[in-house]
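Reviewing the structure listed below.
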């Protein structure tokens, strides 16, 4: 009913040019709203890749070991070649008992979906889906286009809403539709603006909703801004490098969701010193070690736009960003 009433308001405008502009704007916003909503709902959340799952032998060994240091030693051996840098509050390796896998950074177990979700933000009942790495951009665009759609409806309905209170409308049931439409659009605009503003802040700080409530823990301790690379790079991590795709609900986020660059410079001595492909000169930098499996090129270039991995490792003083400490967990998070 709201869409019909809004179109009726547009068509009641006296200026033909104004009607055409409003009709084009309305259908464009409505199409983008439906498209982004559809992508948010039907894009399946991404789960950790097979390399994070324990082998059959490792599972058997883990079951035989009691909870404690021996249990952790099994997990440390299994995770030694994985690009994992976060831990639990107790400093343990982040392990999911239900999925039987070592959790990648920023991955959490969803109690509703009953699976681990890469870069999980939250489980949203409005879209009946987990919002995470695979659909977070779509969720942001859904909020943006929903807000613009509601603001547009409230704006085009405003003049008739004023006439309602000044007795400028015909005394029919239609005038109550005008009142309902304006109140509904205005209230949704207020709620959506606060939610969209909050998620814009999260993107600017490179945080998820879960990380905003509980900061990630690295080897050196808790760091609420551990994944933040600066406003520009934080935006590119979610929306991608090609700006022509930023406003379209097509996937363009950087990386694979399993590993993320960080702003930390303290390296973990337990991680292997060099990734495959680095020259021998990088081995001389004992304080700037890299994981055995480096970030995808689309993610690692966020660390520096002008230097390669080997250049960073041989010139540690030139870059402000590096790889964080491995920090790994054992609790089942929701």
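In case you wondered, yes, glycine gets a Cβ from its N, Cα and C as well.
Fair warning: this is a prediction, and the values are worked out from it, not measured in the lab.
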Open item on the list: Between the candidate ranges 107-129, 176-198, 199-221, 222-244, where does TrEMBL place the transmembrane segment annotation?
Closed with: 176-198
TODO: On the DSSP side of things, how many residues of the domain 'Palmitoyltransferase DHHC' (93-214) fall into helix, strand and coil, could you say?
DONE: 67 helix, 16 strand, 39 coil
